[in-house]
Amino acid sequence: MAHQQQYIHGRYHASTSGEHFETINPATGEVIATVEHAGQAELDAAVESAKQGQKVWSAMSPVERGRILKKAAELLRENNEELARLEVLDTGKPLQEAIVVDIQTGADVIEYYAGLTDKIQGDYQDLGNGNFFYTRREPLGICAGIGAWNYPIQIAMWKSGPALAAGNAMIFKPSEETPLTALKLAEIFTEAGLPDGVFNVIQGDARTGQLITNHPDIDKVSFTGEVGTGKKVMAASAQSLKQVTMELGGKSPMIIFPDMPVDQAVSAAMLANFYTQGEVCTNGTRVFVHADMLDAFTKELKQRTEAMIIGDPMDMDTQVGALISKDHMQKVLGYIQAAKDAGATLLCGGYQVTENGLDKGAFVAPTVFTDCTDDMPQVRDEIFGPVMSVLSFTDEDEVIARANDTKLGLAAGVFTKDFARAHRVINQLQAGICWINSWGASPAEMPVGGYKQSGIGRENGIETLYHYTQNKSVFVDLNDIQSPY
């Protein structure tokens with residue numbers, strides 16, 4: 001992995017800019033690889049390649065496209081462990097997570113859309129008097145995917161699966177923090193029989209992203225990342241009226257009612273806050289706990305959180321890995337200090353972990369604050385780290401209003417044994433992804449996306465195919481032409 005290039009038209013492609021960047025193992029601070037930075041010349045080459053590839057790909061029968069995508073899913077699963085280990089090197093997340101989630105669930109999405117390639121169809125309606133119309137769902141053309149660094153290969157698969165199933169080509173730019181596994185995905189697509197140019201990977205930072213959003217021959221941009229960056233991507237895409245899908249940030253509430261067993265409530269809260277070191281956009285970082293169970297909840301939460309294993313992400317016993325970078329770690333620690341300054345009570349964690357040889361990495365102990373109020377900075381802002389805020393409530397209507405008091409609306413969850421209450425509350429929460437007595441489940445069949453400033457469009461599910469196709473209406477008149485001229 002010493003030196004990486006762009007992947008264009010089925011092969012590695014050297015950049016002409018002469019610029020490169022390093023990708024760092026956040027658990028050790030060591031350089032994994034140097035990566036060539038793409039400029040305008042590389043993007044133009046990727047676009048021309050995509051035009052050629054998309055022409056071939058869209059001309060294939062849907063069944064043939066499905067076979068190739070299914071083969072790619074099989075190859076991904078065969079290479080699961082190798083890909084998971086590479087993902088761990090690049091992200092710092094625990095191997096015990098990556099080996100069961102990142103590649104496997106991404107492959108599920110590829111396989112799901114492989115089965116839908118021949119299900120994309122239009123409508124027909126007889127209008128009488130020898131007239132009828134039909135519609136065709138046609139590919140957009142060239143789609144761009146811009147990925148985030150928390151689930152690099154999974155995001156690449158979530159974006160490429162529906163795009164390719166619909167007959168498009170995709171140019172994918174991974175985050176410069178995690179550039180490696182997207183290249184492996186490209187190799188696997190090629191091995192599976194995908195025509196050259198249908199999935200290209202270009203590397204770089206925000207400058208490369210700007211080149212993508214400004215390129216007139218790219219028809220759609222699908223972006224996953226932070227809200228502010230998403231707004232910039234959307235604004236730039238508007239200059240050429242590109243279609244956009246935005247999967248942005250969240251500050252998601254989970255509401256725990258007192259009929260929920262304490263051990264299950266604590267399990268849910270820990271899962272919703274500490275998985276992947278808290279670097280998950282759907283994290284339930286605002287944990288609303290009914291006052292009647294608050295003491296028992298916080299007691300068990302403290303005990304179990306302090307028992308979590310922090311260590312080498314490659315060790316299968318490790319439950320908490322490294323944050324993505326030292327810079328991001330400082331941001332997280334800054335929010336922890338801001339929470340203390342605002343008057344929140346630190347229940348546990350709240351510090352950089354340096355013992356047992358972890359001093360060169362970006363490790364932060366899972367952190368829980370109690371005595372939180374809705375206006376505190378760690379309650380209002382997306383931190384993207386292992387920081388949980390516990391808030392007390394007594395009234396159902398009150399907690400719904402508080403849960404909705406945010407500009408974001410990505411996810412929400414309700415925990416109760418009263419299913420009438422569960423559905424009543426869920427129906428009032430302003431979030432696009434909701435769970436009842438669960439957190440984080442995202443099967444390929446289920447469309448996901450945000451309300452409010454958490455996003456536009458959906459990923460996964462049948463609905464997403466509509467975001468990667470355009471509707472053509474064809475009117476047919478079987479009669480002689482009638483004209484006043």
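From the backbone N, Cα and C atoms, a Cβ is placed for every residue, glycine too.
Record check: Swiss-Prot places Thr23, Ile24 at the K(+) 1 site, and the matching candidate among Asp90, Asp102 is Asp90. For the NAD(+) site that Swiss-Prot gives as Gly147, Ala148, Trp149, Lys173, Pro174, Ser175, Glu176, Glu226, Val227, Gly228, Thr229, Gly249, Cys281, the extra residue drawn from Glu48, Glu64, Glu355, Glu382 is Glu382. Listed in sequence order, the recorded positions near Glu247 (active site, proton acceptor) (C-alpha within 10 Å of its C-alpha) are Val227, Gly455, Glu459, out of Ile24, Pro174, Val227, Gly455, Glu459. Of all the binding-site residues listed here (Ile24, Val227, Leu241, Cys281), the one with the fewest other CB atoms within 10 A of its own CB is Leu241. Note: the CA-CA distance between Thr229 (NAD(+) binding site) and Ile24 (K(+) 1 binding site) rounds to 22 Å. Among the recorded positions Lys159, Gly455, Glu459, the ones whose Cα is located within 10 Å of the Cα of Val227 (NAD(+) binding site) are Gly455. Among the binding-site residues listed here, namely Gly147, Pro174, Glu176, Lys452, Gly455, Glu176 has its C-alpha nearest to that of Thr23 (K(+) 1 binding site). Neighbour counts of Cβ atoms within 10 Å were taken for the recorded positions Asp90, Glu176, Glu247, Glu459; the minimum is at Glu176.
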